[in-house]
Each structure stands twice: as structure tokens, then as C-alpha cells.
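Q: If you scroll down you'll find the structure; I have some questions about it.
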Amino acid sequence: MRLVNSLGRRKILLILAVIVAFSTVLLFAKLWGRKTSSTLDEVGSKTHGDLTAENKNGGYLPEEEIPDQPPATGAFNYGEALQKAIFFYECQRSGKLDPSTLRLNWRGDSGLDDGKDAGIDLTGGWYDAGDHVKFNLPMSYSAAMLGWAVYEYEDAFKQSGQYNHILNNIKWACDYFIKCHPEKDVYYYQVGDGHADHAWWGPAEVMPMERPSYKVDRSSPGSTVVAETSAALAIASIIFKKVDGEYSKECLKHAKELFEFADTTKSDDGYTAANGFYNSWSGFYDELSWAAVWLYLATNDSSYLDKAESYSDKWGYEPQTNIPKYKWAQCWDDVTYGTYLLLARIKNDNGKYKEAIERHLDWWTTGYNGERITYTPKGLAWLDQWGSLRYATTTAFLACVYSDWENGDKEKAKTYLEFARSQADYALGSTGRSFVVGFGENPPKRPHHRTAHGSWADSQMEPPEHRHVLYGALVGGPDSTDNYTDDISNYTCNEVACDYNAGFVGLLAKMYKLYGGSPDPKFNGIEEVPEDEIFVEAGVNASGNNFIEIKAIVNNKSGWPARVCENLSFRYFINIEEIVNAGKSASDLQVSSSYNQGAKLSDVKHYKDNIYYVEVDLSGTKIYPGGQSAYKKEVQFRISAPEGTVFNPENDYSYQGLSAGTVVKSEYIPVYDAGVLVFGREPGSASKSTSKDNGLSKATPTVKTESQPTAKHTQNPASDFKTPANQNSVKKDQGIKGEVVLQYANGNAGATSNSINPRFKIINNGTKAINLSDVKIRYYYTKEGGASQNFWCDWSSAGNSNVTGNFFNLSSPKEGADTCLEVGFGSGAGTLDPGGSVEVQIRFSKEDWSNYNQSNDYSFNPSASDYTDWNRVTLYISNKLVYGKEP
């Protein structure tokens, strides 16, 4: 019996050993085989809980409960950071938003006419950054990077309760890409004109400008953007295979067709609308290889792998060497570095791809051949002033992926992983401030983001503080000396973008996997509405014995969400007791208007007893938070009694609190939307209604204006500009000096930079209005090289489209200056009234994006982080120098 038991136990142990060994092999195959040549077929056959292709809500996944979390061991709550970084993409959504699943109340439907100009539905997708253009190159890159994060760290997303959220955000973008691909060789790569879009500052829900659609096809191709979209959809086909097999197949179908389109055309000749915003500087071969690698992983078709490798000699080399490039970063323009890493793992040897990715990561960490990326004093690996954190955190994500690779160098893997942690921690606040909105200590509160700011006045200055919290947004980041300004106008340091968060999400997933941290189970972006959104301001224009004249201004400052109102009305209540006592009636009262912005006025109507009202109906007049003339409408109306009759306003309900010479918000003048009370209180009501919690429809009517200006930028070499004939004969009129002041702020304080970003404020302290078309500003600098230069106006209170920029060479170079940028204004800029000011935020760069040395520039002031008087920039009015000193 003992022998049998002993033999039985041995058999059992042997069987268990075999099972364990076999399970280990399967696990290894799953984890690492998928990272070499697996197509995830064996994984794709499984389901995730009860999620299937039959899930409701258009294929979007339901919100999941956050599982119990293990104890956190890291310096930060990486789970919360991951949760919020994913949420940021919900804030960027364009199109029709489902209120049943929306996790924030300050976003609504927007861009619902996108594609109508082309007869196609192009709604959906993400707005690019703090603007509202849908640029498909950075958008598809962002979707691809988010998908890669899920591919690598799916378990982290599940454990943190963020799996469905990230899949839904990726699907939101991919659904849009599929819409953009209506035919095999046709792809719509952009919606919205960048110049017109940047000329307006307001919420997405009430955009007034036309939004043209741009496409590439076989006659005018765009291989870069098409291949990047192919990559995004190929990755989506892999990660959605578990939860929605049909959708996975649809993504793969489009990915294959788009790749063939990009690969057989090999040209970006048709990709023109994004020039000046998202040029494809690295060419298209990196995107072709990147897409081919992902298609190989999605299909196991080795022809894609062969194709990816065949372009490796076209990815680029370091200047004057035969060394594959390594001194940049994975980004929307250049996906070479991610391709290095994927091919290194697939080949799984010590070949050229492994050498290439290690060379790249070495340069970012310990250095390569005695050279290393710049590090700030506080530890940020700093590549460039535009999105410095974006580059560091994305490279850190690649470092994490390398560290997981079984065949990677173990010592390097440790170094890379420590680098990744340090960069994640820098972004989250290791220096004493967080660079993620709504997270950690001293986070950014004023990101360069139109909808989060919530202006109703087409102005970065109104309101002075942001109305909404853009949770999870990673801002651009500091300069090379750790300097950072939380300023809405500083788009260099403080803009946010879809591609900024893309690699950051993957990095946070790895940090969460290593160190834990608890996402907030109650987190959302639902905000209290702290102010009246729709209301009337009123005052007394004039009065006499038998009349009262009221000036009333209807305001729409809606922001939860912003919305267009076309059916507003208000009522002015009066008590006609004195009229009745004089033997007259309501029919004897006359209502007239001397000034009216689109309203219809009723006769006096009965309310109850001796209380009557005049209804001012603005139906058909669009009032929306889109600018000074858009968000408010004024009506001046008079109520007159017959001659010899006294009209006493003191007993009128709506007269309460009104006075002459000023207007005040009045709850006694109730406002209605389509007949529903949305602000104020009627006579006899116990409490007032406010637009904070009204039942206004969240549907946003389309705003159209009669015409929209298109902002322009000069894109010419300095030598193409003739030195102005008046350059050496400028009249020195010091008599007006002091009446007009030019202030300067530096939007980019780096000594070495590939763009110069001055900001100007002109202040009129005089007594006369200034015609802005007579005004010129000059900024003096050294050009360093012969490349032509580009000029952009990023924002101006005079309207971007009304700002011009011209470069010219000084006839006699001076110390610190051989070139001058002259900024002017078009006739549409209007006048600058006494006591007023106008702001201009511009930037310029060389066509080849080579660096300037700002440190020796005459007009450069590195300490001017905010507006300050600076006499090394000059101001001219009608060719008279009125401020500053020429070099």
C-alpha cells in the first residue's frame, strides 16, 4: 500500500511538473512570443468578463469598477495620474457626445457639420491641442501610442480600472479614421483651417468659422499621414480582438488598404493644409516601416516585416555620419525610434535594431560617444522647448518597453527603467510642482486651451481664471533651466496636446504596474456651475414724468457647456396702479425702441392684478459665447404713458436695483429660453431660477457668420524683402513718447532655440485713438544663416488675421542685429482707443528649423517672463518712432 501510494504520489508529482512546465511555456509564449512574431490569435479568442462584440452604446464599453488596489510603494499616486491622463482625451472629443456616458458637464456637441463641405460625415475624432483643428497626423500618432501602451501593459489598465476607458478613447479616434477613409485610395487628413481657427479664442461648442475638409488621393497623395493612420488601426485591430472581433476586423481592413495606398504612392505632395503646423519633416519612410511592423504583428504576414526592414536605410542618419539617427525622440513626426525597438524585439537578436535603440536610449541616459542630451538642473532630460515633457516622457515609455524585453541588456534595462521613473516623477511633481493639470502639488491652472478657459469674449484675458479643470493634461513643460510660467498665453510651455499625453499614458501604466497607486473611484469632470450663464443687465437710459427708458443687455456666458441660444426672451414687469388711478388702462401705454440688436418688443401684456410686462423677444437672433458682438445683445426700450399722466417706476417690479448711468445684473428681469424660465424670478415667486441648473437643451446649433477672416503668415526669406525706403529716414518724434508704450514679454527664454517667440502689448496712454494700420513694431536679432524664415501670429486681441509680419535685412548690421522682423496691422484691426491696449503673440522660425542664438540678439530679454517696458523693441506710428531705441 505504501509502495502504491509512493508510486501514485510520484506519478502525481510528475504530472504536476509536466503541467507546470507546459503552462510556463504557454505563458512565455503569450508574454514574449507576442512581442516577437505572435498575432495574438490565442489571446484574441478569450473574452474580458462579459464584454463582447454585442456591447451596447455603439460598441463602446461600459464604465468598470475599480478593483481593490495593492499598497502603493512609489513617490506618487501613479494610479490617479494614469486615470486622469486617459481622461484628458475625453476633454478633447469632437462630434456628438453621449450625455449618458459623458464624464464631464462642460463639454457638449461640437463640429457637427464637419465634412459637409465634402458631402461626407467627418464628425468625431479629437481636437489637436488648445485649438480645434483635427490634424490627423498627430491624432493618429496619439491613437497608435495609446494602443501600444495597451499592447504592452493591458494588465495595468485592467487592475487600475481604466481598461474600458482607454479602449473607448482609442475607439473614438479610430471610428473617426474609418470615416476619413471612405474609398480605398481616398483619405481625409484634416478638418479645419489652422489659421482661421487660431484667429478665434472660444469654446469648441460655438466655433463660428468655416471648417474645410482636406483629403489626399492617388493624384495628390500623403504617405506620411496615411501610413500613420494605418499603424493606429493595425494596433487597434490587435487590442480590440478580445472585446469586439468584428470591429477588430474592420480596423484591420482599413489598415491594410491605407498601407497599400501610402506604400504605392510614396509621396506627400497632397499633404499641404497642415504646413506650418504639422509638416512631415522626417519624411514618410519611418511611418511606412512603423505601420508595416504593426501590420506584421496583427497578421503574422512576413511580407509586412520584409517591407518594414526594406526601408531601414531611408530612416535617416546623424549628419555627416553613417550612424542611424539617435539624437531625437519618438514623436508625431518621427516614429523611427519606436520602429527600432519593435524590430529589435521581433528579430530578438543582437543586430542593428538592438544597437540602434540602445544607442538612442544611451544618449538619453548615460550618454553615447561622450555626448548626452541636455539635462535641466532638476533632472529633466530636455530635448526642445516645444513640449519638452512630451519628448522626455515618451522616450521614458520606450525605455520601459525595452526594460521588459527578455533579450535586452540587463544592466542597460535597469538604467533605462530608473531614467523612466525619474522623468515620470519630474512630470508629476518631484521639483515641487506638478506639470499635470488637476494632479498633485501646485499643478498648472492656466493651460493654453480654448474650451477649458471658457472665454465668452474671444479673449485670453476674459475671464481672468479658467472656468474648467482640464484634468490629466500634460503641459509642454519648462525650459532648459527648469523655468516654467503657468500662463495662458505661453503656448510654448503651457499648451497641451493629444500627442503630449500619448507616450505619457504608457509610461504611467508601467509606473502603476511597478509601484501601484489608487485611482479615485468617484473621479469625473462634473463641475458645480458657479455663476449665472445667461442673464440680463439693465439700467435707466432716461426718465420723465410719463416715461421710463431702459437699457437692457442680454448675456450668454454659458460654459457648462457653452451653447448657442436662438430663442431667448426677457420680461420687464411694471405696476400700472397709478395709470389705472388716473383713469387710464394698459392699452394707453406705448412701447418703443431707439436701439435694438435683433429683438421684437410686445405691447404691454397682463400678468396679474395691476402687474403687466413688456416681452422682449430675441427669437432668431443667435447669442453665444463667441466674442464681444456675439455673447450679448442690447435693447433700449421706452414705456410711455399718455401726456398729463404720471408714470412712476418706483413701484415697478423690474425697476428694483436699477439706476441711471450704469447697468447691473437684475434677477427681477427674468430670462426665458423657448418659453422656459432660465434666469431670475417672476413677481410673486418664492425663489429665482438661474441658468446654472436650467433645462436648456445641450444641443448646440451651428454658428455661421457672414464671412470669416483667414489669418495669414509670411513665408519668405529675408532677402526677398526690400529694405523699406524709410528705414534710414524714420522721423524721431519724441514729443509723443510716453503717450504710447510698447511692452515686451519673452515666450521662449532659451538662449538656443529653433523659434523666437516675442509677445507685445501696445498701451495708449494718450487722449486720441490710434489707427492700428498706422502702427509698426520692430524686433531686432541676428539671423545666423541664410535659411528663409516663417512668421506666425498665434494670437492677438486685434484678431490674428489682422496681424502681418515681414522680415528685412538691416542695411548696416549693428551689434546684436543684422535682421529685423516688422509686425504690422491690417485695416481690419481697427483703432486703439485712449486707455486701451492691444496684445500680439507671435513666433518665427527658419524654414529648416535650425537654431537661433538668442543670447546675442539686440531685442532679446531672457528675464521678461511677463510684460515689461523694454526699449530694445521699437514702435512706430505713421513712420514716426514713438517708443524704444533702435540699435
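Glycine residues also receive a Cβ, built from the backbone N, Cα and C atoms like all the rest.
Feature table excerpt (Swiss-Prot):
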ACT_SITE  D131  active site, nucleophile
ACT_SITE  H448  active site
ACT_SITE  D486  active site
ACT_SITE  E495  active site
COMPBIAS  43-53  compositional bias 'Basic and acidic residues'
DOMAIN    736-887  domain 'CBM3 2'
SIGNAL    1-55  signal peptide
Q: Of the active-site residues D131, H448, D486, which one has its Cα closest to the Cα of E495 (active site)?
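A: Smallest Cα separation from E495 (active site) among D131, H448, D486: H448.
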Q: How far is it from D486 (active site) to the residue listed as 'active site, nucleophile', counting Cα to Cα, in Å?
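A: Checking the Cα atoms of D486 (active site) and the residue listed as 'active site, nucleophile' gives a distance of 18 Å.
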Q: For D486 (active site), just give me the three-state DSSP call.
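A: The three-state answer is coil.
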Q: What is the separation, in Å, between the Cα atoms of H448 (active site) and the residue listed as 'active site, nucleophile'?
A: 9
Q: Rank the active-site residues D131, D486, E495 by the number of other Cβ atoms within 10 Å of each Cβ, and give the residue at the low end.
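A: If we count Cβ atoms within 10 Å for the active-site residues D131, D486, E495, the smallest count is at D486.
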Q: For D131 (active site, nucleophile), name the DSSP secondary structure in the helix/strand/coil scheme.
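A: The three-state answer is coil.
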Q: How many neighbouring Cβ atoms, not counting its own, are there within 10 Å of the Cβ of H448 (active site)?
A: 27
Q: What does DSSP call H448 (active site) in the simple three-state scheme?
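A: Where H448 (active site) sits, the three-state DSSP reduction gives strand.
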Q: Should E495 (active site) be counted as helix, strand, or coil on the basis of DSSP?
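A: It is in a strand.
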Q: Over the domain 'CBM3 2' (736-887), what is the model's mean pLDDT?
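A: Mean pLDDT across the domain 'CBM3 2' (736-887) comes out at 90.
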